[in-house]
Amino acid sequence: MAARALRGPAVAGGGESSDSEDDGWEIGYLDWTSQKLKGQTLPIEEKKEKFKKALTTGDVSLVQELLDSGIISVDDTFRYGWTPLMYAASVANAELVRVLLDRGANASFEKDKQTILITACSAHGSEEQILKCVELLLSRNADPNVACRRLMTPIMYAARDGHTQVVALLVASGAEVNTQDENGYTALTWAARQGHKSIVLKLLELGANKMLQTKDGKLPSEIAKRNKHYEIFNLLSFTLNPLEGKLQQLTKEETICKILTTDSDRENDHIFSSCAAFGDLEVFLHGLGLEHMTDLLKERDITLRHLLTMREDEFTKYGFTSKDQQKILAALKELEVEEIQFGDLSEEARLEISGDEFLNFLLKLNKQCGHLITAVQNIITELPVNSQKIVLEWASPQNFTSVCEELVNNVEDLSEEVCNLKDLIQKLQNERENDPTHIPLREEVSTWNSRILKRTAITVCGFGFLLFICKITFQRK
């Protein structure tokens with residue numbers, strides 16, 4: 001193919017390489033030997049060779065000169081059917097593309113289902129040059145939805161190769177964002193497969209459906225995980241993008257104005273703001289399969305804290321079905337920590353409670369500590385070990401560490417107070433055992449009473465047996 005000399009076979013989608021390697025498109029080299037075998041070089045053949053070389057080296061002035069001669073047309077096809085415009089697009093030479101289009105080149109030309117727009121989107125070059133080429137072709141009515149033989153559209157190639165602005169321009173020009181190729185891949189799937197986080201965010205913003213599966217039943221998130229792009233896996237699996245589809249309702253001009261910017265700082269700010277928008281409410285609802293309730297709750301300014309304290313009548317008020325309520329209530333039951341009424345401790349401090357009540361208090365306190373330990377263990381398990389895998393925007397780590405230090409101090413104070421309580425109880429127990437005037441426990445009194453009852457019963461039985469013997473003796477006499 002025409003691009004073979006620069007980057008190997010320029011197979012964008014439908015254009016497979018040929019069996020022959022002699023296509024005459026070597027950069028900086030013309031096959032003069034083959035011409036000599038023909039006996040002599042004809043002027044027209046010489047001009048064609050010069051034209052090929054000019055396209056290869058990007059010599060715009062020579063291309064214009066040869067086109068002006070009238071011997072060569074912009075729609076002439078070289079070996080394997082490529083036109084000059086297709087070759088210029090394959091090397092992302094925007095200036096050559098402009099010259100050829102101004103000369104009347106057909107922007108909608110295709111060869112074996114490979115369009116010029118597909119060739120431009122899969123070109124090797126800077127994104128700036130590729131973007132200019134694509135913009136020129138779209139301005140000449142190139143169709144952004146024509147697919148190659150593998151059913152891949154231009155947006156899939158742009159997403160695969162990491163060209164964020166090209167993806168956005170194609171969508172603004174009418175490209176279908178959720179089209180699937182022969183393997184069921186969408187543009188989002190290709191971006192997830194290649195690890196292009198910025199394109200994943202942009203596609204979600206443009207309305208990409210992250211739940212579309214491939215032919216083998218894989219979601220984009222699973223494709224990302226399989227290729228070890230764990231940050232994208234987390235982004236697609238555990239969060240819901242609040243900007244999803246936000247740009248779909250804008251006009252083409254408004255969309256281009258919003259998405260085509262070369263300011264890297266603005267682009268980075270957008271990426272981080274998109275990440276920061278993911279919150280604990282979305283994560284909680286996604287874990288329960290209730291993503292559809294996110295927008296409704298956000299519209300009513302309901303936070304996760306509010307959700308966790310809602311009553312059943314409030315769930316009904318906000319449109320939760322009985323099945324949704326059961327899911328949330330079951331989750332709340334697992335998270336529930338039995339509350340201790342610490343306001344009653346003043347009574348306990350005066351020892352105006354029974355032993356059973358005091359024991360119940362200690363059991364509740366122990367249970368609550370167990371819940372807290374489990375909660376911390378779960379957090380440790382869920383936190384990523386690599387900072388690159390953190391999707392949500394976090395505050396300064398110093399804030400977290402300072403709170404953890406306070407927690408450690410509080411736990412140490414609690415441990416000290418519990419030890420003091422234990423020592424006090426042990427001291428009271430020892431003093432009671434050594435006090436000769438202490439009242440026996442209820443269990444001890446009941447044991448003593450049972451012994452008296454047993455002895456009385458034996459005495460009565462013995463006396464009755466004696467009367468029975470005397471009666472029999474008296475009757476015999």
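Counting begins at 1 with the first residue displayed.
Every residue, even glycine, has its Cβ placed from backbone N, Cα and C.
In Swiss-Prot, the feature region 'Disordered' is placed on 1-23, out of the ranges 1-23, 208-230, 415-437. Here the repeat 'ANK 5' (183-212) is broken down by DSSP into helix, strand and coil counts: 17 helix, 0 strand, 13 coil. Confidence in the repeat 'ANK 2' (80-109), given as mean pLDDT, stands at 85. In terms of DSSP helix, strand and coil, the repeat 'ANK 2' (80-109) has 18 helix, 0 strand, 12 coil.
The DSSP breakdown of the repeat 'ANK 3' (112-146), given as helix, strand and coil counts, is 19 helix, 2 strand, 14 coil.
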